[in-house]
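Per Swiss-Prot, the features are as follows:
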- ASN321: N-linked glycosylation site (CARBOHYD)
- ASN335: N-linked glycosylation site (CARBOHYD)
- 1-38: region 'Disordered' (REGION)
- 1-55: topological domain 'Cytoplasmic' (TOPO_DOM)
- 74-82: topological domain 'Extracellular' (TOPO_DOM)
- 103-139: topological domain 'Cytoplasmic' (TOPO_DOM)
- 161-164: topological domain 'Extracellular' (TOPO_DOM)
- 185-193: topological domain 'Cytoplasmic' (TOPO_DOM)
- 215-237: topological domain 'Extracellular' (TOPO_DOM)
- 257-284: topological domain 'Cytoplasmic' (TOPO_DOM)
- 305-346: topological domain 'Extracellular' (TOPO_DOM)
- 367-397: topological domain 'Cytoplasmic' (TOPO_DOM)
- 416-426: topological domain 'Extracellular' (TOPO_DOM)
- 448-463: topological domain 'Cytoplasmic' (TOPO_DOM)
- 486-493: topological domain 'Extracellular' (TOPO_DOM)
- 514-548: topological domain 'Cytoplasmic' (TOPO_DOM)
- 56-73: transmembrane segment (TRANSMEM)
- 83-102: transmembrane segment (TRANSMEM)
- 140-160: transmembrane segment (TRANSMEM)
- 165-184: transmembrane segment (TRANSMEM)
- 194-214: transmembrane segment (TRANSMEM)
- 238-256: transmembrane segment (TRANSMEM)
- 285-304: transmembrane segment (TRANSMEM)
- 347-366: transmembrane segment (TRANSMEM)
- 398-415: transmembrane segment (TRANSMEM)
- 427-447: transmembrane segment (TRANSMEM)
- 464-485: transmembrane segment (TRANSMEM)
- 494-513: transmembrane segment (TRANSMEM)
Amino acid sequence: MSGDTGPPKQGGTRYGSISSPPSPEPQQAPPGGTYLSEKIPIPDTESGTFSLRKLWAFTGPGFLMSIAFLDPGNIESDLQAGAVAGFKLLWVLLWATVLGLLCQRLAARLGVVTGKDLGEVCHLYYPKVPRILLWLTIELAIVGSDMQEVIGTAIAFSLLSAGRIPLWGGVLITIVDAFFFLFLDNYGLRKLEAFFGFLITIMALTFGYEYVVAQPAQGALLQGLFLPSCPGCGQPELLQAVGIIGAIIMPHNIYLHSSLVKSREVDRSRRADIREANMYFLIEATIALSVSFLINLFVMAVFGQAFYKQTNQAAFNICANSSLQDYAPIFPRNNLTVAVDIYQGGVILGCLFGPAALYIWAVGLLAAGQSSTMTGTYAGQFVMEGFLKLRWSRFARVLLTRSCAILPTVLLAVFRDLRDLSGLNDLLNVLQSLLLPFAVLPILTFTSMPALMREFANGLVSKVITSSIMVLVCAVNLYFVISYVPSLPHPAYFSLVALLAAAYLGLTTYLVWTCLITQGATLLAHSSHQRFLYGLPEEDQEKGRTSG
């Protein structure tokens, strides 16, 4: 890939850009095959005018990306936020979705302008040690997300079978369904995208049904949505807000979206085509995330109405006096506030609104788990290929990710109870929030580089907004760690936490350092890090042109 160069030489080294290839030839997919094996052509229309035909051609990557906003981890976070805070945290959901859209916009822009995904660009610009550590953190995020999909699917099977399928059985079934989706991929890219659109529609209909039957108070709902306040809130509500952010803005999804947009044929030698692609991908992502926001809103509002300040005894009585009385014992007979999870959530909906509500909830939960399976597979494959240049088949990639996810999950399902399984879901949401800097910092760094992005580099407003997101996330994560450490069960855990915290802070500091270089702190650009100012050194430019 060729492009403009920065200053001809810096310290005897010539630097240059890898962006904007001179020809529109699409990159070839690796022999193992990926989502990018097929390229979608963009129809020719009158330049400078909006075209529904073109929007339809660009539609697909944004909806696949939006599935990460609707996985079982999000559903769990939504219902717990409703149960813990009622409608008070709806504004957090709204603004987390907006911030997520801003991050995904940067991811799509990087893929369109450079023709490379975030993992590939990280491989070219970061030294080996930070690059490997960064790859490991994103793999951890992918496995954590896959564990949530396994948990959600297993609970859905248990609810649909009235408990006849045990949790461990549901976990094992997810091994089969993960490979089933690989066969769907063989029917073509557009059909695969349409299938995931169908699953999103199922979620919208099922959770929308729950919203209609629950009839949440609209006045209080609108107040919670548009007034950013939380009167009477304490640490539980704040930790729940952290969970919402971690569930909505997922690290691996930023890497995923930067790859998905490469499935459209865009002539990167023409600035007008790049600008047009950026516009249509932004419109599509906005539509997709608006749909995901409504679905999350449905869930949070339903449980804010049905569960807020509900006691275990009250929940027991409701189920004991319903047609689902066999489920009543899952609620302890005490006056403590219900600690709801996605299993109990389905049960109480069935007790309140009839068995149909329980089964419809389970179908929506199943759709959430299944839709996330394939996108997680793609994210893992793209990240591995980008960072390490290891090109595995999707079969091998699914086997690796799902094996890592299933082992701890099935052990919990066999030897512990449902509450431990749901508690793991909560912990995984917080994990996603803790790992978020390892996606946001790189995407902010590279989309702010004129040597890489040319005139499509972030402007001042975009830099300020995205940097503010980063500061907010880091502050919230720091608060969580400070709040969590005193609750450790044994002093020996402090050493482990200290070691992990040191590694975490070290990698974060390095990423902040390189990010500051692209934001204008040129004095930090020593030695090999001048590439963050001027682009790749001459000896690395050929690698940049041929990689990917």
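In case you wondered, yes, glycine gets a Cβ from its N, Cα and C as well.
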Does the transmembrane segment (194-214) come close to the transmembrane segment (347-366), meaning at least 3 CB pairs under 8 Å for residues 6 or more apart? yes
For the topological domain 'Cytoplasmic' (185-193), give the DSSP counts of helix residues, strand residues and coil residues. 8 helix, 0 strand, 1 coil
Taking only the Cα atoms, work out how far ASN335 (N-linked glycosylation site) lies from ASN321 (N-linked glycosylation site), in Å, as a whole number. 18
Candidate ranges 56-73, 165-184, 238-256 - greatest C-beta contact count to the transmembrane segment (398-415) (under 8 angstroms): 165-184
Mean pLDDT for the topological domain 'Cytoplasmic' (448-463), rounded to an integer? 88
Among 56-73, 83-102, 194-214, 285-304, 494-513, which stretch has the most Cβ pairs under 8 Å to the transmembrane segment (140-160)? 56-73
The topological domain 'Extracellular' (305-346): DSSP-derived helix, strand, coil residue counts: 22 helix, 2 strand, 18 coil
Its residues classified by DSSP, the topological domain 'Extracellular' (74-82) shows 9 helix, 0 strand, 0 coil
Taking pairs 6 or more apart in sequence, does the count of Cβ pairs under 8 Å between the transmembrane segment (56-73) and the transmembrane segment (165-184) hit 3 or more? no
Ranked first among 165-184, 194-214, 285-304, 427-447 for CB pairs under 8 angstroms with the transmembrane segment (238-256): 427-447
Applying the under-8 angstroms CB criterion, which one of 165-184, 194-214, 285-304, 427-447 scores highest with the transmembrane segment (83-102)? 285-304
Please spell out the DSSP helix, strand and coil residue counts for the topological domain 'Cytoplasmic' (103-139). 32 helix, 0 strand, 5 coil
Same-chain residue ranges lying at least 6 outside the topological domain 'Cytoplasmic' (103-139) that approach it to Cβ under 8 Å: 1, 18-21, 27, 61-62, 65, 249, 251-262, 266, 268, 274, 277-278, 281-282, 285, 289, 380, 382-389, 435, 438-440, 442-444, 446-447, 452-454, 456, 458, 462, 466, 469, 503, 507, 510-511, 514, 528, 531-532, 536, 540, 543-544, 547-548
